[in-house]
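What follows is a single structure, written as structure tokens, with notes after it.
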Amino acid sequence: MSVAWLTQQLSTHGIELSDKQQQQFQTYYQMLVEWNEKMNLTSITEEHEVYLKHFYDSIATSFYTDLTKELTICDVGAGAGFPSIPLKIIFPNLKVTIVDSLNKRIHFLNQLAEALELDNVSFVHDRAETYGKGDYRASYDIVTARAVARLSVLSELCLPLVKKGGHFIALKSSKGEEELEEARFGIGVLGGKVLDTISYELPEDAGERQMIIIDKRSQTPKKYPRKPGTPNKSPLLEK
């Protein structure tokens, strides 16, 4: 069973799954597949691939950053809940907010959180550009995003939400370093500084991943993020 595989893999990183956590991942998989028949949540539906490329890949974030404290996390464009819901299952201490622009996905996540009996999770139907202008601007310890957009775009969506001294963690494929070179200028404009770039391989030759950790050094200028759609059309690039 794939949950046994996940349990064994995480054990090598010092994470021991309880019976409850194993059941939560099984429920997560079942609901993901059921809801995916009604709406587009993921192109990956084979059980072992979901455990490897969604669950394990999400949790791998914790191998390189300390998530054991009581932290506030905002996950931008999480889709079916990755990486924040697998991380919340492992680290119940996290206070998680997911922002997604599609109301159907928010409905799925609400049902999922109820089925998994998760507390301190909230789901917001909004564009990141709008959410980053509101009351929760500069209020999160960590803001994360996985496979949402290029880093030059993501930085403008995510860094305004990070509190000073917090981190924006971008989870990318093997092309993350290429994206980083393009995004460095905008990261600086938005008050960030690249702290680390970590490359690692998924098990079973499932591919390389890169985790880019950006420190929030100063407050983001008030004009950012720009209106919805603008960061994607005109990313902050050095001229």
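Cβ from N, Cα, C; glycine included.
Annotated S-adenosyl-L-methionine-binding residues in Swiss-Prot are G77, F82, A128, E129, and among R137, R146 the one listed with them is R146.
Under the three-state DSSP scheme, G77 (S-adenosyl-L-methionine binding site) falls in the coil class.
Residues 127-130, 132-133, 137-138, 149-150, 152-153, 155-157, 159-160, 162-168, 182-186, 189-195 of the same chain, all 6+ positions outside the region 'Disordered' (215-239), place their C-beta atoms under 8 angstroms from a C-beta of that stretch. Mapped onto three states, the DSSP output places R146 (S-adenosyl-L-methionine binding site) in strand.
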